[in-house]
Amino acid sequence: STHTLPHSASRAAMLVRINTLLQGYSGIRFEILEAITKLLNHNITPCLPLRGTITASGDLVPLSYIAGLLTGRPNSKAVGPNGETMAAAEAFTLAGINGGFFELQPKEGLALVNGTAVGSGLASMVLFETNVLAILSEVLSAIFAEVMQGKPEFTDHLTHKLKHHPGQIEAAAVMEHILDGSSYVKAAQKLHEIDPLQKPKQDRYALRTSPQWLGPLIEVIRTSTKMIEREINSVNDNPLIDVSRNKALHGGNFPGSPIGVSMDNTLVLAIASIGKLMFAQFSELVNDYYNNGLPSNLTGGRNPSLDYGFKGAEIAMASYCSELQFLANPVTNHVQSAEQHNQDVNSLGLISARKTAEAVEILNVMSTTWLVALCQAIDLRHIEENLKNTVKNTVSQVAKRVLTMGFNGELHPSRFCEKDLLKVVDREYVFTYIDDPCSATYPLMQKLRQVLVDHALMNGEKEQNSSTSIFQKIGAFEEELKILLPKEVESARLELENGNPAIPNRITDRRSYPLYKFVREELGTVLLTGEKVGSPGEEFDKVFTAICAGKLIDPCWSVLKEWNGAPLPLC
């Protein structure tokens, strides 16, 4: 039922409550704890309501449903190991609980219901996922820097050491480790040397300041994690029974304030801000004005007019981010006085945990879309490198064939054009022309022609002689290129599609490779081209299912397995 607490959260509450009661300050029989344990071990879960608690005198309402099952109330329901619904008697039989239902003794009812276990149980699950997503966001930011051909100095330890914040230092060190020795970074440095003005001197904020953005969020998540860790190991019912002094202490450990505060901080500050960064990075990656040569919308097909790539995904990301920002409002400032003003202040801890769980789900969807987009960008860089190599070889071949010799076999002045022609290929972004490489309206042919015209203008009096004129070679050069280049480009594409590229994918020797390998090989996702029946949503679904099942943890950790936890030494 949509009005029932998820069974995983109910089971977490049972475990946390057992942990609290085992500490011996709650006045409850050990046999009751054994019964709850048997229910857990036999995968029998009481049905708890989704709503109805303010986590003030603990989570009274949902915890009473566990007590109701233990005492055999006729309306008590549980869910069995195969999802079947059962009454209390069947649950006891299946769990092997002997002796019948419990008749509660003094204090035992309060011991069961007067505590924060439901809120803190759900909060602990939420924070586990949030910690994983925080590390994933660091890793994905580093991969983003690679595919964007970013400048790696943004991770230099001195910059972050001077800022003093530990979360920022950690985020930068993680990214620095992934980028250290990256062939993508080395290739980007060569491009910057070829044409220093081709891209901005400094990368945009979503890349360059990602450690500064993520750093405080990591610290917030760590603080919240520590608060919930303390809460799930605390004694939080009332009154407390101090056997050593023969006292019943009437206090107030039952409010879930640590839950509400930690969940609000995690939701409002951390999760929403991580999502905002992912959206900013995603928007930059799909925009060909910013992404340093990748195709608009990361289209991978031969015909960009028929392949909209990640355009729909970008719209979806805007939707996810908007919903996430809406959820990023604190819950604890909406407290209402309750129980005839006895519970006049309360925590709303479980409500905050539920809303944070919703936010985590949205961030999972955003992480899915972002990860698939990065894998697409990695493959497009591989395609770009192979196609540029093909174009360069073809231009060189045609230049040698057409421009080297004159009509009578003599060396021709146009032979000196080849070097400048190849510089054009090096500087021009492949995806600005590759769908129709010989089109006169695309930049490649225009700039190749301009090189020949410039050389012709410098040829002086030799231009007046048809046997030494460079200008008269332009037509032959272009015609030869139009015959050869489209065939060579298509041949290179087919080799890529058949897994036999001339240049292997650089990602295979990178530290980020385990994540790429998991998405591409283990989950079986493919490059999106618009040429196949499968839709982007099918690829996203594979990754989202894996993230929700916790399968992304191992490959994410594998990316960092060689990291010693410290920044690279300054040198």
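Backbone N, Cα and C define each Cβ position, glycine as well.
What you are looking at is a predicted structure, and each value in this text was computed from that prediction instead of being measured.
Feature list (source: Swiss-Prot):
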| type | residues | note |
| --- | --- | --- |
| BINDING | Asn114, Gln202, Arg208, Asn238, Lys311, Glu339, Asn342 | (E)-cinnamate binding site |
| MOD_RES | Ser57 | 2,3-didehydroalanine (Ser) |
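The (E)-cinnamate-binding residues named in the record, Asn114, Gln202, Arg208, Asn238, Lys311, Glu339, Asn342, extend over a maximum Cα to Cα distance of 59 Å. For Lys311 ((E)-cinnamate binding site), the Cβ neighbour count at a 10 Å cut-off comes to 15, with all displayed protein chains included. Cβ packing within 10 Å was compared across the recorded positions Ser57, Asn114, Gln202, Asn238, Asn342, and the lowest neighbour count falls to Asn342. For the binding-site residues listed here (Arg208, Glu339), the lowest count of other CB atoms within 10 A around the CB belongs to Glu339. Rounded to the nearest whole angstrom, the C-alpha distance between Asn238 ((E)-cinnamate binding site) and the residue listed as '2,3-didehydroalanine (Ser)' is 8. Among the binding-site residues Asn114, Gln202, Arg208, Lys311, the ones whose Cα sits within 10 Å of the Cα of Ser57 (2,3-didehydroalanine (Ser)) are Asn114, in sequence order.
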